[in-house]
Amino acid sequence: MANSFDNSYPAFPILAFLSFILVLIPLPWHFQAWNSGTCLYMIWTAIACLNQFINSIIWHGNAIDWAPLWCDISTRITVGVAVAIPAASLCINRRLYKIATCQTASISIADKRRAVVVDLVIGLGIPALQMALQFIVQGHRYDIFEDIGCFPTTYNTPPAYPLSFLWPNIISAVSACYCILTLRAFMRRRAQFSQLISSTASLSINRYFRLMCLATCEIIFTVPLSSYGLYLNITTKPIYRWISWSDTHFDWYTIGAFPAILWRSNSLVVIPLELNRWSIILCALVFFAFFGFAGEARKHYLIVLRAIVNRLGVSRLSKQNSGFDNSKTTMESGAQLPRFMQKPSHSTKRDSWISTTSIDTERPTNYSETDIGSPTFEDKKASFSKLP
């Protein structure tokens, strides 16, 4: 394997894998609380981190087409994630707006199910639709960049903008509108807001504002990055006239392979590629910063820790070692008691000290019963414009 020009190795794959794990830690209790938008955010971010981790390992120091099938899957993931994370943020902001403008203090099960269905249509339907529509303007299968891995290509033609490039900005704009409306509703109904939040068992004031901060951060990250990608596509690359489907997919089976020494010499390629992969890590770490250290997270960490301790038998071992049985100590060892202690009499009445010790040592220790609470570089067509 040739020497790699990637100074971020092995830091990037380590961070990508850790981010994959960290962003999934709060998933169980958010799933139980019917927070579908937050769950979609976690799942899509985790998939993106795992995708980046695998690519950075396989193509470290090389640009060989080792796994064509994986590259087809990986590039679809990259295309989908570019709109999936903004779509999940839209789900979060939409739910926060619904809560802020809710007129009743109680929400029925049917309303919750309806809200989850709408979130799934947005958080899964939009990425799936984008994966399909981007195929229309996909010039060839994929490109491979040394140290980066597989990357999708988009023919820089006018239909590519409404079909692919503009989607992250449009979704983020709608999400920003919901965010502004939520703040407006909150300022108008501050007196009733606490009552509305307290009526929602799965949501607290702290979690509400953490969700709002997360969705706002996602908008702040997505809009500038996507706008920068649009700027590069419009100003630095020729925009080809759309002729036909067959013309766009003429060199479909061409696989572009770019060594690091080649693509790293062009800053217009380096910046979009690096922003694309590091922004995913940033999304995961920001999410964990908001929800990985919260009160409900610490409660669940304690539950898991105690379950692990009980599973390992530490409580039973400490129970056996903490007390001692006088009869076994003296009779089995055959040793004489010290002279300053009386030998136990053969009276049928039990000594009170021995009785107390026996009771203590026979009392089971079960920590699990404690209630903690629930809670390209382009051939002539490829493009790097869309960033998650």
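Cβ atoms are placed via backbone N, Cα and C, with glycine included.
The annotation transmembrane segment is assigned in TrEMBL to 12-29, 41-61, 73-93, 114-137, 165-187, 208-232, 278-295. Residues annotated as region 'Disordered' in TrEMBL: 335-388. What TrEMBL records for 353-373 is compositional bias 'Polar residues'.
Sequence-distant neighbours of the transmembrane segment (12-29) (same chain, 6+ residues past either end, Cβ-Cβ under 8 Å): 6, 39, 42-43, 45-46, 49-50, 52-53, 56-57, 60, 277-278, 280-281, 284-285, 287-288, 291-292, 296-297, 300, 375. Taking Cβ pairs closer than 8 Å, the transmembrane segment (165-187) reaches residues 82-83, 86-87, 89-90, 93-94, 96-97, 100-101, 126, 130, 154, 193, 212, 215-216, 218-219, 222-223, 226-227, 229-230, 233, 383, 385-388 in its own chain, all 6 or more past its ends. Note on the transmembrane segment (73-93): residues 36-38, 40-41, 44-45, 47-48, 51, 54-55, 119, 122-123, 126-128, 130-131, 134, 141-142, 149-152, 164, 167-168, 171-172, 174-176, 178-179, 182, 211-212, 214-215, 218-219, 222, 276, 280, 283, 386-388 of its chain, located 6 or more positions outside it, place their CB under 8 angstroms from a CB of the stretch. Residues 38, 41, 85-86, 89, 92-93, 95-96, 99, 161, 165-166, 168-169, 172-173, 175-176, 179, 182, 197, 268, 272, 275, 279, 282-283, 286-287, 290-291, 294, 384-388 of the same chain lie 6+ residues outside the transmembrane segment (208-232) yet bring a C-beta within less than 8 angstroms of a C-beta in it. Using a Cβ-Cβ cut-off under 8 Å and counting only residues 6 or more beyond its ends in the same chain, the transmembrane segment (41-61) has close neighbours at 1-4, 6, 9, 12-13, 16-17, 19-20, 23-24, 26-27, 30, 67, 70, 74, 77-78, 80-81, 84-85, 88-89, 91-92, 123, 127, 144-150, 214, 277, 280-281, 283-284, 287, 388.
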